[in-house]
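Shown next, in structure tokens, is the structure this report addresses.
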Amino acid sequence: MKKILKILSIETSCDETAAAVIVNGTIKSNIIASQVKLHAKFGGVVPEVAAREHLMAIIPTIDLALKTAKTNLEDLDYIAVTQGPGLATSLMVGIDTAKALGAALDIPVIPINHLEAHIYANFVKPLTIARSVATKQSYDRSPRAFGARDGNIFPSLILIVSGGHTLLVQMRDHGQYHILGETVDDAAGEAFDKTAKMLGLGYPGGPALSKLAKSGNPTAFNFPRPMLNSANFEFSFSGLKTAVLYKIMEHETWNMKQKADIAASVQAAIVDVLIAKLEKAIQRYHPKTIMLGGGVAANELLRQRFKFQASRFKIHCSIPALEYCTDNAAMIGLAAYHRLIRKKPQTKNFSAQPNLSLK
Ligand code: KG4
Ligand code: ZN
């Protein structure tokens, strides 16, 4: 009989305390205790506050994840936890909790790379792959997640866009990554967040800015598209941020319509750059599939234009459902599951790695 594989996964890399239960690659629960409201007062994540909140929320969050999945601690086979990248003091709360539970239950604890997990948000079951063709209908159709044993999806090209990272990655197989390019300064999410802050939209800025952008004109302001035509796959967003700052400083006050125009124009500039690099990488590397990941993958314009590229090049694409774009523990558990079914994972002594990269 096939062994049932039960994983409790924990994510505390930034400002969400999250726990999930994954059974044989299927998500049984996915609980997130968000600290967003708390950090909004400060206009951004305050590491000390985040760590304290994680400490208070971690046990109830795990408890609820287990209850929702109708699972007891004793039934677990593995614990998976985010090792990095992220805030050191936040990561430590998740890791220490995972290690304590692992020791008490005498089960292995698997360290997971948060960026790899954003990729595995594309492996949420059901397993159907959507085939995109360049027609209006398929352009509107949502792509679906990839499955555990879909051998045909590699090489895949992945765009990871979050609050701390912007990467174009070639995935040759499960666990095999080659970074084609990343940001040389700010991440795409940071560009959203910082512009939103300048416009007084609060924190987190990405969702607020994209909401306001809906009523704005994306061609109202011609903001720079940094490195759009550079020969490599690197990104840069700090110049854009400065350009927006200078524009905002031109007037003392901006009315809502003008703010919406700025929001729409900034969003268009960010998405243009991301999509241009993606397009160039598709032409150079001829991937079988493309996948999107990270919090900015929740952005509607980016999702639409990403799908459109898949249609144009007639390749399969996957975009996680909204709840799996921003930080969550289900993606941590899925990354662990896909490693477990292929090889024995490294579970030895490990510690938080705030700057962990994707290898
Ligand atoms: O992956 P994530 O939850 O955390 C990190 O690993 O950084 O990403 C958070 C980022 C933030 O910068 C947030 O503003 C951005 O994702 N974000 C969005 C949207 N939703 C979240 N950016 C643009 N449009 C959105 N709808
Ligand atoms: Zn993330």
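Each residue, glycine too, has its Cβ placed from N, Cα and C.
Binding of Fe cation is attributed by TrEMBL to His114, His118, and the same site annotation extends, among Asp272, Asp327, to Asp327.
The record from TrEMBL ties Ile160, Val161, Ser162, Gly163, Gly164, Asp193, Asn299 to substrate, and of the options Gly175, Gly181, Gly206 it ties Gly206 to that site too. In the three-state DSSP scheme, Ile160 (substrate binding site) falls into the strand class. Within the model, the domain 'Gcp-like' (152-333) carries an average pLDDT of 96. The distance from the Cα of Gly164 (substrate binding site) to the Cα of His114 (Fe cation binding site) comes to 11 Å. The binding-site residues close to Asp327 (Fe cation binding site), defined as a CA atom within 10 A of its CA, are Ser162 out of Val161, Ser162, Gly206. Helix first, then strand, then coil: DSSP counts for the domain 'Gcp-like' (27-125) stand at 58 helix, 20 strand, 21 coil. Asp193 (substrate binding site) and His114 (Fe cation binding site) have their C-alpha atoms 20 Å apart, to the nearest angstrom.
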